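**Student:** Take a look at what TrEMBL says about it:
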type	residues	note
DOMAIN	9-102	domain 'NADH:quinone oxidoreductase/Mrp antiporter transmembrane'
TRANSMEM	55-79	transmembrane segment
TRANSMEM	91-111	transmembrane segment
DOMAIN	111-194	domain 'NADH dehydrogenase subunit 5 C-terminal'
TRANSMEM	139-162	transmembrane segment
TRANSMEM	168-192	transmembrane segment
Amino acid sequence: MMMFSISLGLFELAFFHLLTHALFKALLFLCAGILIHGVGNTQDIRFFGGLSLNFPLVTVCMNLANLSLCGVPFLAGFYSKDLIVELACQYSWGVFILCMMFICLSLTVLYSVRLTYLSFVGVYSGGPSISVCESDHSLIGPVVILSFVSLISGPILSWLSFPAPVLIFLPVFLKWAALLFVSISLLAMLSLQRLVY
């Protein structure tokens, strides 16, 4: 989305998305590190599953980061991604570019749902997990702080970066296109997961 925004000449939006993206992506990597450490240092996601029982706090924080990455309303990623998508639709750069943008958004939702499904749903098939990771404050402290920052950074950075509100007028079908593509990719990922497993 940052490169897409730069290619459209929306440099301020690209920087704004860089800042919000850094916060929730850092949260995502910290949560992934805790899970990897907790399951015996394996990085093979096929051995994950059902980790929400042993890592409830990490599950909540990681899903928060995933939802923010997908651009769910009122999380950090929404404030930057939605603005980029709506301005790209408003300036009408062409049907091909808009389709590529919506496909990229759909792919983000696909791999985020896959990560959540393989990590937290299903049966755990690895070795013994170390749920003591959640009682280690040196691991959990930064995750909780970044979770809070990921919740409030979107509107705060938006107010600091863009002092004047931006009015965007779009046709109804373009306004709903992002939600439609995200819903289709979510359903596609869930059906693919059921076929594979």
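Glycine too: its Cβ is placed from the backbone N, Cα and C atoms.
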**Student:** Could you give the residue numbers and ranges of same-chain residues that sit at least 6 residues beyond the transmembrane segment (168-192) on either side and whose C-beta is under 8 angstroms from one of its C-beta atoms?
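**Tutor:** Result: 70-71, 82, 85-87, 89-90, 98, 102-103, 105-107, 109-110, 113-114, 117.
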**Student:** So which residues does the transmembrane segment (139-162) touch in its own chain, when a touch means Cβ under 8 Å and the partner is 6 or more beyond its ends?
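**Tutor:** Non-local partners: 12, 15-16, 19-20, 23-24, 26-27, 30-31, 34, 37, 57-58, 60-61, 64-65, 68, 74-80, 133.
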**Student:** Please count the residues of the domain 'NADH:quinone oxidoreductase/Mrp antiporter transmembrane' (9-102) that DSSP assigns to helix (H, G, I), strand (E, B) and coil.
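**Tutor:** Final tally across the stretch: 69 helix, 0 strand, 25 coil.
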**Student:** Please list, for the domain 'NADH dehydrogenase subunit 5 C-terminal' (111-194), how many residues fall into helix, strand and coil according to DSSP.
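**Tutor:** Here the numbers are 63 helix, 0 strand, 21 coil.
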**Student:** Across the whole of the domain 'NADH dehydrogenase subunit 5 C-terminal' (111-194), what does the mean pLDDT come to? Round it, please.
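**Tutor:** When the pLDDT values over the domain 'NADH dehydrogenase subunit 5 C-terminal' (111-194) are averaged, the result is 77.
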